[in-house]
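Participant: So Swiss-Prot says this about it:
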type: BINDING; residues: ASP7, SER8, TYR39, GLY40, ASN71, THR72, THR195, HIS196; note: substrate binding site
type: ACT_SITE; residues: CYS70; note: active site, proton donor/acceptor
type: ACT_SITE; residues: CYS194; note: active site, proton donor/acceptor
Amino acid sequence: MAVGIFDSGLGGLTVLEAAQKRLPEVEFLYYADSAHAPYGVRTPDDIFQLTRAAVHDLWNRGCDLVILACNTASAAALRRMQEEGVPPGKRVLGVFVPLIEALTERQWGDNSPPREVEVKNVALFATPATVASRAFQRELAFRAIGVDVEAQACGGVVDAIEEGDLILAEALVRSHVDALKRKMPYPQAAILGCTHYPLMEPIFQDALGPDVRVFSQGNLVADSLADYLERHPNMRGSGAAGYLTTGKPATVSNRATQFLRRQITFAAA
């Protein structure tokens, strides 16, 4: 029995690794749409079509529950997929939810009016598509008032990480943090709104300074998934565990192995 985890590339492996540590008894089927990565520079409709195709593939492989471990896909496709209707017995969840829960300190099912929260100035680092969608600001506004969000589109970071060029990735992160701080000099919290970015979390933290609380998604998503499966144990599905890619399996396997520093072997989707 496996839970599906989908990402446009390798960033979702940070979510997968946290979920495996939190839920060692659960099997996971990871699906990377490497042939079409990165999603962050694509149009919303393109992202939706690609995401929907991948999620349906995972459902057909027996993964009744699919996690969109990609903020760009969550921002552009999740709500539309849910509005179009999800097949009976199937679920698709996004990675925005745990971030909003952590920042506002309220559960997703809490539909009470928005209220003030402790954090007032929030820096959001995300892909150009996620920033353009304003999905994070929209969901936050449903739950909190008086929060100023300054978003920074981090062009190039995902490409550098996917290519294994961490020196370039670090330089880009520091450049984007500098650009953000010119707009918001003193953020209280920072959201790493892309599942690739936890690999660069120490760099973000160093560039932002020790007084800024950095919210990263891996452990937050893993905790929320554990809670969800406890409430819905039948959603583990009948799928088999493994790693699938729409790209070249050997190339993706090599990059994933470098990414997580342990052997990862992908098969063709």
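Even glycines carry a Cβ here, placed using N, Cα and C.
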Participant: Within the same chain, and leaving aside ASP7, SER8, TYR39, GLY40, ASN71, THR72, THR195, HIS196, name every residue whose CB is within 8 angstroms of the centroid of the CB atoms belonging to the recorded substrate site, in sequence order.
Facilitator: GLY9, GLY11, GLY12, ALA37, PRO38, CYS70, ALA73, THR127, THR130, VAL158, CYS194
Participant: Going along the chain, which residues six or more apart from TYR39 (substrate binding site) have their CB under 8 A from its CB?
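Facilitator: Those within reach of TYR39 (substrate binding site), by Cβ under 8 Å and sequence separation of 6 or more, are SER8, ASP33, ILE47, LEU50, THR51, CYS70, THR72, ALA73, ALA76, THR127, ALA129.
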Participant: According to DSSP, does ASP7 (substrate binding site) fall in a helix, a strand, or coil?
Facilitator: strand
Participant: Cβ-Cβ under 8 Å from ASN71 (substrate binding site), same chain, 6 or more residues apart: which ones?
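Facilitator: GLY94, VAL95, PHE96, ALA126, THR127, THR130, GLY193, CYS194, THR195, GLN217 - these are the non-local Cβ neighbours of ASN71 (substrate binding site), listed in sequence order.
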Participant: Rank the active-site residues CYS70, CYS194 by the number of other Cβ atoms within 10 Å of each Cβ and report the first-ranked residue.
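Facilitator: Sorting the candidates by Cβ neighbours within 10 Å, the top entry is CYS70.
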Participant: For TYR39 (substrate binding site), what is the secondary structure by DSSP, using just helix, strand and coil?
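Facilitator: For TYR39 (substrate binding site) - judged by DSSP and reduced to three states - the answer is helix.
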Participant: The record names ASP7, SER8, TYR39, GLY40, ASN71, THR72, THR195, HIS196 as the residues that bind substrate; what is their largest Cα to Cα distance in Å?
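Facilitator: Greatest Cα separation within the listed binding residues comes to 12 Å.
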Participant: Name, in the order they occur in the sequence, the residues of the same chain whose CB lies under 8 A from the CB of ASP7 (substrate binding site) and which sit 6 or more residues away.
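Facilitator: In sequence order, the residues whose Cβ lies under 8 Å from that of ASP7 (substrate binding site) (at least 6 apart) are LEU13, VAL15, TYR30, TYR31, ALA32, ASP33, LEU68, ALA69, CYS70, ALA73, THR195.
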